[in-house]
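Student: Quick paste of what TrEMBL says about this protein:
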BINDING   HIS27  heme b binding site
BINDING   THR28, ASP81, ASP89  Ca(2+) binding site
DISULFID  CYS34-CYS68  disulfide bond
DOMAIN    1-162  domain 'Plant heme peroxidase family profile'
Amino acid sequence: SNFSSLQTSFASKGLDLKDLVLLSGAHTIGVSHCPSFSSRLYNFTGVWGKKDPSLDSEYAANLKMKKCKSINDNTTIVEMDPESSSKFDLSYFQLVLRRKGLFQSDAALTTSATTKSFINQLVQGSVKQFYAEFGLAMEKMGKIEVKTGSAGEIRKHCAAVNS
């Protein structure tokens with residue numbers, strides 16, 4: 001996603017640019033499959049063999065050599081934050097500033113002076129402050145289009161609809 005589409009999408013749900021940056025911070029944990037980003041390595045903008053110029057060249061080469069060895073790889077998983085993929089921390093934002101965000105949406109965050117400034121503030125701040133601000137953004141997101149009354153359901157078991 002480019003910055004404009006991210007901004008529009010978040011704004012349509014009542015979220016601002018700071019929310020966009022903070023919620024993107026969830027990419028500090030977890031994994032993705034190659035098809036979610038392999039076009040950045042092999043077929044950027046539909047041109048075969050062209051990589052996304054916003055992606056660090058060394059990182060892209062490493063992903064191609066060690067992880068997603070083919071654009072057809074549908075099974076390999078890749079850490080979204082290879083420096084600390086199981087730790088909720090500020091590492092993701094440091095990677096984004098070094099052009100090592102896995103997704104195009106990660107790279108898009110640095111194309112706006114406003115969002116890049118938010119990222120720099122987070123990196124220079126404390127992880128405790130990030131936790132607090134992330135929590136507020138999650139709370140704000142959790143209030144989007146909440147279904148109530150007969151339109152909604154509080155599940156007894158989160159993985160299954162109540163019977």
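Using the three backbone atoms N, Cα and C, a Cβ is placed for every residue, glycine included.
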Student: Below 8 Å Cβ to Cβ and six or more residues apart, same chain only. Which residues does that give for THR28 (Ca(2+) binding site)?
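Tutor: Within the chain, THR28 (Ca(2+) binding site) has Cβ neighbours under 8 Å at MET80, ASP81, SER84, SER85, LYS87, PHE88, ASP89, LEU90, SER91, TYR92, PHE93.
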Student: If you measure CYS68 (disulfide bond) to HIS27 (heme b binding site) at Cα, how many Å is it?
Tutor: 19
Student: So around the Ca(2+) site, THR28, ASP81, ASP89 aside, which residues have their CB within 8 A of the centroid of those CB atoms?
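Tutor: Other same-chain residues with Cβ inside the cutoff are GLY25, HIS27, ILE29, GLU83, SER84, SER85, LYS87, PHE88, LEU90, SER91, TYR92.
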Student: As a test of the contact definition, list every same-chain residue at least 6 positions from CYS34 (disulfide bond) whose Cβ is closer than 8 Å to its Cβ.
Tutor: LYS67, CYS68, ASP73, ASN74, THR75, THR76, VAL78
Student: Are there any residues in the same chain, six or more apart in sequence, whose C-beta is under 8 angstroms from the C-beta of HIS27 (heme b binding site), and if so which?
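Tutor: The list for HIS27 (heme b binding site) reads MET80, ASP81, TYR92, GLY101, LEU102, PHE103, ASP106, given in order along the sequence.
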Student: Please identify, from the binding-site residues ASP81, ASP89, the residue with the sparsest Cβ neighbourhood, meaning fewest other Cβ atoms within 10 angstroms.
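Tutor: If we count Cβ atoms within 10 Å for the binding-site residues ASP81, ASP89, the smallest count is at ASP89.
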Student: Across all chains shown, how many C-beta atoms besides its own are within 10 angstroms of the C-beta of CYS68 (disulfide bond)?
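Tutor: I count 24 other Cβ atoms within 10 Å of it.
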